[in-house]
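Residues annotated as active site in Swiss-Prot, with sequence analysis given as evidence: SER707, LYS750. The annotation ATP binding site is assigned in Swiss-Prot to GLY384, PRO385, PRO386, GLY387, VAL388, GLY389, LYS390, THR391 on the grounds of sequence analysis. Taken from Swiss-Prot, the feature compositional bias 'Basic and acidic residues' covers 1-20. Among the features that Swiss-Prot reports, domain 'Lon N-terminal' is placed at 33-231. Look at Swiss-Prot and you will find 620-801 tagged as domain 'Lon proteolytic', backed by sequence analysis. Residues or ranges marked as region 'Disordered' in Swiss-Prot: 1-27.
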Amino acid sequence: MSEEELNNRDTESKQEHDENNSNFEAGSAHMNLPVLPLREVIFFPGDYLPIFIGRKGSIQAMDKALAETSENTGRMLLIAQKNPKKEIPEGKDLYEVGVIAKIAEPKINLQDGGVKLMVIVECRARAVNFRKSEGVLEADVLPIEEEESDNVDIEAYRRAVVQNFEKCVKLSETIPDEIIGLLSQIDSTSRIADLVTASINLKLSVKQEILETVDLLERIKKVHALLEKELGVLQVKQQIKEKTESQIKKSHKVYLLNEQLKAITKELYDKEGEEYDELVDLEKKIGNGKLSAEAKEKVSKELKKLKNMVPMSAEATVVRNYVDWIISLPWKKKGKMITDIAASERILKASHYGIEKVKERIIEYLAVQNRTKSFKGSILCLLGPPGVGKTSLASAIAEATGRPFVRMSLGGIKDESEIKGHRRTYIGAMPGKIIQHMKKAKLSNPVFLLDEIDKMSSDFRSDPAFALLEVLDPEQNAHFVDHYLEVEYDLSDVMFVATANSLNMIPALLDRLEIIRLEAYSEEEKLQIAEHYLIGKLQREHGLKKSEWSISKEALKLLIRRYTRESGVRNLKRELANLMRKAVKKLGVQSGLKSIEVSVKNLKKYAGVEKYTFGTAEPENLVGMTTGLAYTQTGGDLIMIEAVLLPGKGEIRSTGKLGEVMQESVQAAYSFVCSNCNKFGFTSKFFKSKDVHLHVPEGATSKDGPSAGVAICTSIVSVMTGIPVRSNVAMTGEVSLRGKVMEIGGLKEKLLAAVRGGIKIVLIPASNEKDLENIPKSVKNAVRIIPVSTVSEALTFTLAEQPTPLAVDVWPDIPLSSTQQSEQRV
């Protein structure tokens, strides 16, 4: 249906209403009408408009009005609420004056359960008495009679109101222009006053005041005053709009709206003498902060730039974020540190068992710093296998010094920007993780843990390890520049601590670190850690009392041996937690059960099938079977090296998934034995007629390294001479072609494996004798350790009997090829 047809329909409906209700007159006696409370809206006499009803009480009032059979059929009292938030208003919640409205058209039910009505507002009315009838709010209503007057003052105000209203319509963007034509057709001064009041932007209470003003002269005066004020507001708004439009392009709509907001804000603040609180607050923070001179100058320029920007623009957001980052950093804001070295030592000893050398080195480091009041020096790097307490030790250092602790994981980082940030030209740019963690620390002197420093990766674009050089150099980190900040930030008060599992780092970075090695825990150390640290902590976490759960020392040893294989205690902690979970469940299910004790007998019941086996000494001496010692990421272990003799041409082949270094070690050992065969009791002719097959069991496991050289030599000599190898002897050491036994690593872990495997004698390189000082006494007391310098010396301990040397043997002549002969002639 077209708009013209709708207007004709509305006009016909209104005319029909006027004809059918000509007998209704304002000022007649009281009438009883249902009340329809209005929220945030005021209607005036003469309005013909839709209303939407949603509240249950209002719908009931409408239904009652439609059900009325008297001359008031379809009539209701529309009256505004004093508090629009009141959901079910009573009489006291409504104003006294409202309007009588007539339902002009059949109601339309809406999908949301509400109702749409077209009503004609007939006259003002006063509610004399409110009451409820059958759940519907009703009122005794007295229509208010309004009289027109030819008073000269009224006519003067009328003309002024019409003139000013026309100006408002031209300036306003919300009042339609068509209303001016409608105003010219109205003769009633009362209707003009009501129409103007309904059209301009006024508070609900002001419109209610106009509705309650019956005296026409007083009402037209009030409307004139309100219109004058509204006209002034619209004129100022127009001035602001014109001023804004002269500064920007007309096509930039978003920019226009932002500038209008800026101009309005400036107009208000200039008139009231106020300042923009947020920018002033930033200025105060810059002035009161301990920023460096360079940072203060830079951020002041950025703040000045921010004041001249559009608040909602993208560039303003970037600048604001930058200013916030600069202000939020701890510039020279230091925390109070613990200077009592004895107290620091107690904290370290209470937090970690064993590792006395490590704790002693840390205390020395702290003592020097306290005395010199300088933090320039070596950067500590805690090196050790997983689970030995590197990260927790760094946290304990923070506690021992009274500094805040922040941890930055470097594992997998492959972009330099992760360390030094992105430049602000990039979208979404942020500072690097160094600056981010300094903000998190809130102080300029935290303990800063660089975790897994050896796990950084690189690509063809950049290597983040080089970005760390500036951070970890005590001579440079006082002038660290993040790409995002673009100003120097002092990191010289930060105590950097790094952790690593290996030394696979660039030499320049490694040169800046002081390596402190944390070796694998011995079985005794694991036992002590479990008893004094892990069990109590896990009992608290699982809500178990000491009297409710316990584990015997023998069961704990078995748990360590058969259910874990690691250098540290992480898996041991998991296994203990598993035992406690099962205990908590059992105590909850069996009400009569008061406590559970885990012993060797019932350990399998709670922990399940044994997960690991470890190498053990052979029960008897065997030919070609040698016990070696290996070092892995999970600690030490025994490896069995087998050799058999086969008819052949004097060759050796090796199996067992050996790495390149270990294969070269096999070749070196074979060459040494071959070149010294007469010393070991067999001839070169015999040697050339046999092949040796060397095998290292557990073929699915990769093996590499040179430290099995002594064991390989022993197996080859044993199989060549037929002399058995002592099963209670294990050995480790690299072998040269001259039969020298050279230094190896992982001595502590290898000795722990030997003790665990029931070995009685361990041969080590003589050059490793100095490392025995760091071996626990319990280990040295459990096994006999013999340093050896040569293979011949080692064979005196490994073979069940010594071979009888032969006279100097002459190797058979081997015919030269034609090429070799020509080369020899040349």
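Cβ atoms are placed via backbone N, Cα and C, with glycine included.
In the three-state DSSP scheme, LYS750 (active site) is classed as helix.
The ATP site is defined by GLY384, PRO385, PRO386, GLY387, VAL388, GLY389, LYS390, THR391, and by the 8 Å test on Cβ atoms against their centroid, the other residues of the chain that qualify are LEU382, THR499, ASN501, LEU518, SER567, GLY568. With the fewest other Cβ atoms inside 10 Å of its Cβ, the least crowded of the binding-site residues PRO385, PRO386, GLY387, GLY389 in this structure is PRO386. Summary for the recorded positions THR391, SER707: the Cβ-based neighbour count within 10 Å is maximal at SER707.
Here the C-alpha separation of PRO385 (ATP binding site) and LYS750 (active site) works out to 14 Å.
In the predicted model, residues of the domain 'Lon proteolytic' (620-801) average a pLDDT of 90. Within 10 Å of the C-beta atom of LYS750 (active site) sit 25 other C-beta atoms, taking all shown protein chains into account. For LYS390 (ATP binding site), other Cβ atoms within 10 Å of its Cβ number 25. VAL388 (ATP binding site) falls outside any helix or strand according to DSSP and counts as coil. Cβ-based crowding with a 10 Å cutoff singles out VAL388 as the top-ranked of the binding-site residues GLY384, VAL388.
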